[in-house]
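To start, I am sharing the structure in question, which I have written as structure tokens.
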């Protein structure tokens, strides 16, 4: 049996939540390894809707769930999410949820900074304003407050002072009032007992699980095109979202992260600012937005929609080392007479088959499309490949050819069971 790493292969919102939930039935442990509570996902289980942003999807299945050291954790949001899920009948105990004791915390001052910067900037990034970026800055700057620090109040006080010395200068430059260190200390001490109940060295637990032969599912957030190194910089998130981060963000060696499953929509969406060559602002774009219900779980922002971009996904396949993909929302294409797939870009007098790193070229890129015949038959709820009409099958096969990876799973509705298994990722 192989472990499985799940990553988004586009700009996020590909349907990772449903696929991870579906795979959780086959896993023993589910691990979040990067990001924060800026990437929400919706799970539909037995008609009940669960909306998660920080908790691993495995909690809904009652599977051991781990928030790894690569995640930045807002302790107040964590407890709120735990309480909300508990109200839906899922008790989140320390036996079910483990929080890496070396994970860094998101504090109120991080949110202040995030929102003030976005408001003051002439170049909007489209941040969620939840403090994720500033929290990662403090982590890299070696001044972050970590989960383990909550267990040592006396040592925490000077760490807060050092942190505020840095943030004070930033806040003054943005016209924000000074942060209150004593108030922050009291806030942290108030939540410390509940947070610390879940904390332990996650890497040790995962190492033992791996050696015991337990199946581990690594759950990525957002998508490869939002990766701080490989995405459409600077319109990216503040962490590495690619499969390689599964190792660093969990404390497990690269050989343990196993089969890489990329999650891919049958079309393309993006939230916030940044280049998007295949974007549509016509009736087809409205169809994708309306039928696909393309609104952000966390922010409520409408997602920008466009045709499937094989150039971007092929690049994601290479960067992530993707073995196979889960193709989601195929049913959203039902009823479209003609489908288009972006197979290259025209930039000035050049034709390229990859996304250039420079923002000028990214913005100038014009899509080169290949057209395919659509279908009128419904694919919604299909649970077998033979249930798909001929044109839908042709579309899936052409996507495989263009991205250089096979389709391992096919999703035909938000319901967990409306999933066609073509190859079990846990079989490697």
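Just so you know, glycine gets a Cβ as well, placed from its N, Cα and C.
Swiss-Prot lists these features:
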{"type": "BINDING", "residues": "12-18, 40-42, 303, 329-331, 411-413", "note": "GTP binding site"}
{"type": "BINDING", "residues": "13, 14, 15, 16, 38, 39, 40, 41, 128, 142, 222, 237, 301", "note": "IMP binding site"}
{"type": "BINDING", "residues": "13, 40", "note": "Mg(2+) binding site"}
{"type": "ACT_SITE", "residues": "13", "note": "active site, proton acceptor"}
{"type": "ACT_SITE", "residues": "41", "note": "active site, proton donor"}
{"type": "BINDING", "residues": "297, 298, 299, 300, 301, 302, 303", "note": "substrate binding site"}
Measure from the Cβ of residue 18 (GTP binding site) and count the other Cβ atoms within 10 Å, all protein chains considered.
27
Taking the residues the record says bind IMP (13, 14, 15, 16, 38, 39, 40, 41, 128, 142, 222, 237, 301), how far apart in Å are the two Cα atoms that sit farthest from each other?
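Max Cα-Cα spread across the IMP binders: 34 Å.
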Counting Cβ atoms within 10 Å of each candidate's own Cβ, which of the binding-site residues 302, 330 comes out highest?
330
Where the distance is taken from Cα to Cα, which of the binding-site residues 12, 15, 330 turns out closest to residue 222 (IMP binding site)?
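For residue 222 (IMP binding site), the closest Cα among 12, 15, 330 is found at 12.
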Determine the minimum-neighbour residue: among 38, 42, 128, 222, 412, listed as binding-site residues, which Cβ has the fewest other Cβ atoms within 10 angstroms?
42
In three-state terms from DSSP, label residue 12 (GTP binding site) for me.
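DSSP assigns residue 12 (GTP binding site) to coil.
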Neighbour count first, Cβ atoms within 10 Å, every protein chain included; then name which of 15, 40 tops the list of binding-site residues.
15
